[in-house]
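Chemist: Feature table excerpt (TrEMBL):
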type     : residues  : note
COMPBIAS : A:491-500 : compositional bias 'Basic and acidic residues'
COMPBIAS : A:501-513 : compositional bias 'Low complexity'
REGION   : A:487-513 : region 'Disordered'
TRANSMEM : A:51-72   : transmembrane segment
TRANSMEM : A:113-132 : transmembrane segment
TRANSMEM : A:139-159 : transmembrane segment
TRANSMEM : A:179-197 : transmembrane segment
TRANSMEM : A:209-231 : transmembrane segment
TRANSMEM : A:337-357 : transmembrane segment
TRANSMEM : A:363-388 : transmembrane segment
TRANSMEM : A:395-415 : transmembrane segment
TRANSMEM : A:427-446 : transmembrane segment
Amino acid sequence: MEEQKKPSSLQIESVVASDTKRFKVPVDSEHKAMVFWIFSFAAPHMRAFHLSWFSFFCCFVSTFAAPPLLPVIRDNLGLTRTDIGNAGIASVSGAVFARLAMGTACDLVGPRLASASLIFLTTPAVYCTSVINSASAYLLARFFTGFSLASFVSCQFWMSSMFSAPKVGRANGVAAGWGNLGGGATQLIMPLVYELIHNAIGSTKFTAWRIAFFIPGLMQTAAGIAVLTLGQDLPDGNYQKLEKAGDKHKDSFSKVFHHAVTNYRAWILALTYGYCFGVELTIDNIIAEYFYDRFDVNLRNAGMIAASFGLANIFSRPAGGLFSDLLSRRFGMRGRLWGLWLVQSFGGVLCIILGLMDNLAAAISVMLLFSVFVQAACGLSFGIVPFVSRRSLGLISGMTGGGGNVGAVLTQLIFFKGSRYSTQKGIALMGVMTLACTLPIMLIYFPQWGGMLVGPRPNATEEDYYAAEWSQKERDSGCHSASLKFAENSVSERGKRRDPSTTVPVDTTPSHV
Amino acid sequence: MGGIVSFSATSLLLLLLLISFAGSAVGGVLFSTLPKTLIVSASPKQGQVLRAGEDQIMVSWGLNQSFPAGTDEAYRKVKVRLCYAPVSQADRGWRKTEDDLSKDKTCQFDVAVRSYTTTTLTSFECKLSRELPTATYFVRAYALDYNGRVAAYGQTTDDHKATNLFEVVGISGRSLWLDIAAGCFSGFSVGSRVVFFVADKRRKTNNN
């Protein structure tokens, strides 16, 4: 006779209380927040938002902490341009697989543990950047630090778990946008910290930059501790607690993996994300040098220009997410798809124009406009990703995020390594490739909502789509209850279309006369 | 949200205006037009390895007597610099040699700046700065006129920059304290994750 493990009183309390728990924000049937109050820290939803964007911000600061200090580092370590280029590629390539692993980890152990573990395991790479002494050590340091960019996946997964369908686009957009801000902020923070240490404390150049790296390291450590102690996976609690109480089905890796890789939409989004986020990462690595070489601005001004590209993230990526939500309210998922295609294609056009600009002021203006569109496209992409799958949300977020990094690696390898193309020609060609690789969005089709060019199938429902990820046996044992709830809440993706099933049938007489 | 947008847009516009008014490059003297009227010699021998921040070099310069008298009438100052040899410039665009001296990045470190005197040879001993990177160098002296424009030059190596080069090994910038701190913080980082993991597991077994 098998003895059932009796849950402790604490857990019974949380199982019952979850039905009547008072949240500080209005919630839907999955207890996801239906509002997005950006300046609130209310647990668990808004607190998760702030932990999420801040920890991701710290990871971005660490990953791109070296480029603004390169003029000092390259002399200390005797780096060549090839060394620097290779390290730049290494810094974004580590995250390709890390993001996939992170997606799976989120599906299996939850975003809180997954992101905190990642942060704690990559922080040593940041601290150890202070003790490197050769080009290969520099490459390894940037490679391992770059793994922390996988916290993007846990950030998006967490937001998708905490916010309901009408708000998920903007929640994802603001969290990721403010996180990406780290790539711009670091171009200002690191030189400032370096100057302080070099001038105020009086260390030599070659010691000052090493000490400066403790700042991103400490930021990351603080973020990791905050996530672990203050964060919570789902509105109802953490994965482990919910799984024990039977509230959450503990999934298997092979099933999650299967349903992610067999969903063609995930692959298309991975490709297109490579040409908005991948382009953004590439620009982060090359733009300062481009302005320095082509327009003869000094290094500090080049750094400021580079920073302004990344700093635009404070509003442009959130704007993309918001725009996605607004389009969805009127046009449903078809609006989100059209919005993404239009914004990303226009970003590609601006990229081509940027490569052709000969005048400094014109180049900066085009670059700023380009930054807005390319970052908004990233926000629009993650307005769509939460709907591709419910069971494998983490892994699909990981595939999309990983695709972004693959795009950055490929683009830098093809157009910005060696002297085959001048940098300006490389930028223009990158724009052409963006246009080409954005076209596949036209192929994305949801039976219940439609695609860009084709309308929805008449009798397809959200339930059919999300329940299809579970086998009959799994459905019989009720494992898919979370997916069903999600399906119910995602009906808003139909847009403001008049749905014939909601009108009153003509042939029944009203019950009261 | 609207407030953030307008603030960000305004600050980006200001940044744009600021940068477009930033200093424009002014064309300078072309190196190829300079006469090589100075003789410069330095104490390091060909291939010698020196340590930055520790070793000293002795540099001497003077007018090449084979030039007619009066060549150096306009010279007022002599600026002596350490310059990168071609092997240290390879694959490093930030050390590139340009003919326009205002853009040239070959000689980046000052050894001495002295007023020009017409005595045959002036010598100066100088300690190698701690900020010198590890590289191969030679010494060059520029003669400046009243206006501070370069009028002539001399260098310890030949025109192809192949002879009489010496190496300097820079400081690493590392220190024992830095290594210990990095190790401790890294250990704390991994350790705290382990501590939380153990605490979580213990909480779970206690709850059973």
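All residue numbers here begin at 1 and follow the chain in the order shown.
Even glycines carry a Cβ here, placed using N, Cα and C.
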Chemist: Report, as numbers and ranges, every residue of the chain located at least six residues beyond the transmembrane segment (A:363-388) whose Cβ falls under 8 Å of a Cβ in that stretch; write 'none' if there are none.
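Modeler: Residues packing against the transmembrane segment (A:363-388) from afar: 156, 160, 165, 168-169, 172-173, 176-177, 180, 263, 265-266, 269, 272-273, 276-277, 279-280, 283, 287, 291, 294-295, 305, 308-310, 312-313, 316-325, 328, 333, 336-337, 339-340, 343-344, 346-347, 350-351, 353-354, 357, 396-397, 400, 404, 444, 446, 490, 493.
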Chemist: Please check if the transmembrane segment (A:395-415) comes into contact with the transmembrane segment (A:113-132), where contact means 3 or more CB pairs closer than 8 Å and the residues in each pair are separated by 6 or more positions.
Modeler: no
Chemist: Using Cβ atoms only, state whether the transmembrane segment (A:209-231) and the transmembrane segment (A:427-446) have three or more pairs under 8 Å that are 6 or more apart in sequence.
Modeler: no
Chemist: With CB pairs under 8 Å as the measure, which of the listed stretches A:51-72, A:113-132, A:139-159, A:337-357, A:427-446 comes out on top against the transmembrane segment (A:179-197)?
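Modeler: Against the transmembrane segment (A:179-197), the leading stretch is A:51-72.
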Chemist: With Cβ distances under 8 Å as the criterion, find the stretch in A:113-132, A:139-159, A:427-446 that has the most pairs with the transmembrane segment (A:51-72).
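Modeler: Most contacts with the transmembrane segment (A:51-72): A:139-159.
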Chemist: Take the transmembrane segment (A:139-159) and find every residue of the same chain, 6 or more past its ends, with a Cβ under 8 Å from one of its Cβ atoms.
Modeler: 48-49, 52-53, 55-56, 59-60, 62-63, 65-66, 83, 86-88, 90-95, 98-99, 101-103, 105-106, 111-112, 114-115, 118-119, 121-122, 125-126, 128-129, 132, 168, 171-172, 175-176, 179, 220, 233, 382, 385-386, 393-394, 397-398, 401, 405
